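One structure is given below, encoded as structure tokens.
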Amino acid sequence: MQALLLEQQDGKTLASVQTLDESRLPEGDVTVDVHWSSLNYKDALAITGKGKIIRNFPMIPGIDFAGTVRTSEDPRFHAGQEVLLTGWGVGENHWGGLAEQARVKGDWLVAMPQGLDARKAMIIGTAGFTAMLCVMALEDAGVRPQDGEIVVTGASGGVGSTAVALLHKLGYQVVAVSGRESTHEYLKSLGASRVLPRDEFAESRPLEKQVWAGAIDTVGDKVLAKVLAQMNYGGCVAACGLAGGFTLPTTVMPFILRNVRLQGVDSVMTPPERRAQAWQRLVADLPESFYTQAAKEISLSEAPNFAEAIINNQIQGRTLVKVN
């Protein structure tokens, strides 16, 4: 099988496509023929060695994949069945999806929902799955379309752009925040009623004028602090990212004076039941136009160069890897 293998030499990460024997695949009860994978920011960090994502080498990256079951010792899955996988540390500490085959635990797989195929599943990927979990978190907190505007930070990224599309389809008024002016028209086409520049969120006081009924934050740091200070009474912020940094220079004021909820959202270890629910919702709630968005299709051998481009903020939209 062909695979993108990451090896370490003199402290540097080297990425190359190699032919490997299936016997080298890690332990697991289901072997999958991978048809499509994708390149996420986390994959790009791993492939370029820019982030300490991978501790053990050699490693096959790829935190998402979709394909058909080759062999299964898990009664829930049978040969020929279409499946997808996101998260669970695959592509980080267990060989991942940037290979013609992957062997994983059945618990980590999701049967392909009706109305979805492998390519569409990878257009959604971890980014879209995380966005759906954030929307569900706002719903669970009682945030409704009639309550007011929802702000989405880091809106031109994978999670943010999907969140904008989902919220718009569900009837919410969406305001997008993006540091890239070139993406403003794109965000409006996804459903944002207006787009604010990120530098408006640089500094904040402990409490500011109430503006937002809900928020999905992918940035962290000062941007998240500003959003918290501007939340309506009883509002909820779903926080899922740290594109701007992992610190949070806030105070207790929004929480104790405005009853604001800060809800963390993790997509890696989401329990199977919630996971399946989110994928069903994605099929139902994503507009068909979402799948026609800019999605670059590349081969395994092109992945290292595209990983570099993703790190340098040169790619808009999804990067799909056609594996088989």
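Each residue's number is its place along the chain shown, starting with 1.
The backbone N, Cα and C atoms fix where each Cβ goes, glycine too.
The candidate list Arg24, Arg198, Arg281 contains one residue that Swiss-Prot assigns to the NADP(+) site with Tyr41, Ser156, Gly157, Gly158, Val159, Ser178, Gly179, Arg180, Leu242, Ile256, Ser267, Asn313, namely Arg198.
Within the same chain, the residues at least 6 positions away from Val159 (NADP(+) binding site) whose Cβ sits under 8 Å from its Cβ are Ala127, Gly128, Thr130, Ala131, Cys134, Ile216, Thr218, Cys240, Gly241, listed in sequence order. Fewest Cβ neighbours within 10 Å among the binding-site residues Gly157, Gly179: this applies to Gly179.
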